[in-house]
């Protein structure tokens, strides 16, 4: 089997995790207590969903995941929630005091008390796998636990499981909506670590998803549940080919191979289509061409970033439901002829497609309409650099006055780490600038491009 272990860190990671596992259970017909009436091979078997669930001898299905937080309230909600019997109690790990929005607390002082226990649990899950493929990490980079403990875990996983791929879904601070004053510090410090220790990072941004909820689903005041269910659909589409059988299956490592041209250029934009409410869906014919076009719309992006300001390096289209390869090829051909969607000149093909026959599932009483087919796009675009430059600007304004820095230094961090992380991000912006430049004929050979990477 090609198993995947999910790690949910901090409040954002756990709440996105709740939405994801709720959806996975619905998709596979697994009840909240872990029983699965449709499963014929009790206690194992080589079913495709076993990549995400392990089975006990009694036929109970247990998610291969860990929930970690430095304070108990959010994990307690899982312990008492609808799905409390689904998870093994040892998979829910919580500390006593939180990271207080402080990267240094999550990474150095409080995080390191819990990290060994967490790695122990992850090791147990990994021993249960016959062919562990990699890890999915869910966290927010603006908080303390998600950024600090999340990065600490990624660093330790790189040591223990060097060859396994690590995909990261990170909730990134929005341009206008902020949940903490020190977000810029936490984000810059954690991105510094993400650059090194994760293979693919998918950027999610609450503000962008709020706008999608308002615009496409007519929800006037979206809650985190609305946002997380949308994010869950994206993650479900990405992992559908691991959990179901399809025509063109896509592996976790394949994302990496197809999307990451240089090791540092691994921050992705994601979009999903059709995001449409039940009332509207009734009157629309959502053909493959239509949903493909809407996945490329700037308004569909799950991060506040306009892909028209940059060029695409590669993109992965994951279709699910009633889709045949012929339609996909036609849709992609149309996209290539569009002038608004620009690709870098050194990447002529640029598309990786996956097709899965399992139609998208919707949560009963949720906002999304039940549709026949959907597409999820993960793209690597040079436009994501604007997300970093926005964050760096905010960081600079605060750091010029050394505001709030004493909280970090007091937790055992050195001031040098701030400037080191900031320089790393400046270099990243530069890298993105360089990959977007047109290559002049014949200069690529003799110039040593090997230095930067």
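Please read every residue number as a count from 1 along the shown chain.
Using the three backbone atoms N, Cα and C, a Cβ is placed for every residue, glycine included.
Of all the Cβ atoms in the protein chains shown, 25 others lie within 10 Å of the Cβ of residue 206 (GTP binding site). Taken from Swiss-Prot, the feature GTP binding site applies to 11, 71, 144, 145, 179, 206, 228.
Other C-beta atoms found within 10 angstroms of the C-beta of residue 40 (N6-acetyllysine) number 7, with every protein chain shown included. In the three-state DSSP assignment, the secondary structure recorded for residue 40 (N6-acetyllysine) is coil. The N6-acetyllysine feature in Swiss-Prot is assigned to 40.
As annotated by Swiss-Prot, Mg(2+) binding site applies to 71. Under a cutoff of 8 A between CB atoms, and with a sequence separation of 6+ in the same chain, the neighbours of residue 71 (GTP binding site) are 94, 95, 96, 97, 98, 145. Under DSSP, residue 71 (GTP binding site) is assigned to coil, being neither helix nor strand in the three-state scheme.
The active site feature in Swiss-Prot is assigned to 254. Shown in sequence order, 352 are the residues of the chain, 6+ apart in sequence, with a C-beta less than 8 angstroms from the C-beta of residue 254 (active site).
Here Swiss-Prot flags 453 as site 'Involved in polymerization'.
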Between residue 40 (N6-acetyllysine) and residue 179 (GTP binding site): CA-CA distance (Å): 47
Least buried by Cβ count (within 10 Å) of the binding-site residues 179, 228: 179
Binding-site residues listed as 11, 145, least Cβ neighbours within 10 Å: 11
Residue pair residue 206 (GTP binding site), residue 40 (N6-acetyllysine) - Cα distance, angstrom, rounded: 40
Same chain, 6+ residues apart, C-beta under 8 Å of the C-beta of residue 144 (GTP binding site), given in sequence order: 10, 70, 98, 99, 100, 101, 102, 103, 105, 106, 186
